[in-house]
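Q: Sharing a structure, written as structure tokens. Questions coming.
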Amino acid sequence: MTLLSRLAAAALLTLGVAAAPADSPVNVQEPEGFHTGPQQGYTPPTLKGAVVLDIDGLDRVVATGKAVLIDVALADRRPAGMAPDKPWLPAHRSVPGAIWMPNAGAAPLDPAHENLFLARVAELTGGDKARPIVTFCHPDCWGSWNAGKRLVQAGYTAVHWFPTGIEGWQERHETAVLKEDPAWAARSTNAAQR
Amino acid sequence: MGVIPPHLPYQRRHAMKPFATALALSLTIACPTLAFAAGASDTDAERLARWNEIRTSIFGDKAVQPTETLVKVDAPVRALDAALVPITLTMPEPGKVAGVSLVIDDNPSPYAANITFGPAADPSEIKLRVRVNNYTNVHAVVRTKDGGLFETAKFVKASGGCSAPMGMSDEEAMKGMGDMRMKFAEGPHGAKSTEATLMIRHPNFSGMQMNQITRDYTPARYIQKVVVSQGARNILTLDGDISIASNPVINFAFLPEGTAPVTVVASDNQDGRWEHSFPVPSPSN
């Protein structure tokens, strides 16, 4: 990256400080629409139109046996510059039974991918907009917030957001290795994950 | 539904959130039955399958026997900072040991370090600091001089260490790259063996860390090889990986002979190469 673009990025960040909340976990405001900044960062305590869950809440929702759990955590990619003879064996540990659609909480999201995401959720919920859905990724991750927002906007009425995500789950429960949802994996992915 | 607590102890971005620990404790006391999580045996089987996959990719078809005597892994059960997890490998029968490998099973790049001991080594103990991506088994595999492989493991709870940003710009993180320090202390075998702590300034970028300003991943730049010798006698050779924490610190012991300095040659995957020598304290100290 050129020095100029680096300076521009730094300037943008400086400008952003006035509008965006400080780098602090308290008083993070909900954005009007999606959060389009880096997915990693402090998130608000609320998501309009959705219920925010702690682990007790998640356990209760899971216990109903009806919830669709959607994990949007990013997939690990082999780093550029790593020696080719090094074993690269990423395994995604998450909530057992969840559907893993990495980066489905990106914003903006390629319209084709957004349609695929919504079509997949429609399939998973059997077209029942009142079916409980839980979105999650990691703590301090806007991806699951955005994914929840996307489902609220699509008219789902029992959207739940579990902000502590995989780490919140593994504090109490065992994790399982998840494979990427096959339908989601079939999308074309030219863009780097953000 | 319950009100969401600020954060569980989670080390992706922050070394510690002091207010979180008490909350986490209160959350973990009540442990209801698992709703639909896999049973313990499924999980154990999955972890074993994972280990078998890694073992085969590193050691091929060679048998790796479990051991309770040749090597022991010490690590905090719950690490405070997943990007800086201290690991101690103890080898109570150093005379038998030719080398030791450290594997962090659930890291995407699991083969964290491979250490080969030279004639000047005292392989009783090795300490280093690593990144841990997920709750995981950490395996140590000893290679004995007669060609055997022996493993042991410890479960470590830490998360997010591979992608944790360093909290400074890449340029700042690379300042003084290749600088080294070494401290000496009396070793575990009294006067015969000297303990050394080698500190190398190097970001050891994992390639999984995102620059929060540019939103690009900082390319992997990590120490690939460290060769430590006293004079012409090799102490150890370490093959490193992105799972080694930034600013690597390695504790080891060696059998000093004469007054030759200890020399360290470190190289990374981007053709960085640094060499430093350190005078060995005289035995009277």
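Every residue, even glycine, has its Cβ placed from backbone N, Cα and C.
Taken from TrEMBL, the feature domain 'Ig-like SoxY' applies to B:57-162. Positions annotated as domain 'Sulphur oxidation protein SoxZ' by TrEMBL: B:192-277. Residues or ranges marked as signal peptide in TrEMBL: B:1-37.
Have a look at these and tell me how they're positioned relative to everything else.
A: When the domain 'Ig-like SoxY' (B:57-162) is classified with DSSP, helix, strand and coil residues number 6 helix, 55 strand, 45 coil.
Taken residue by residue, the domain 'Sulphur oxidation protein SoxZ' (B:192-277) breaks down under DSSP into 0 helix, 47 strand, 39 coil.
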Q: Average pLDDT across the domain 'Ig-like SoxY' (B:57-162)?
A: 96
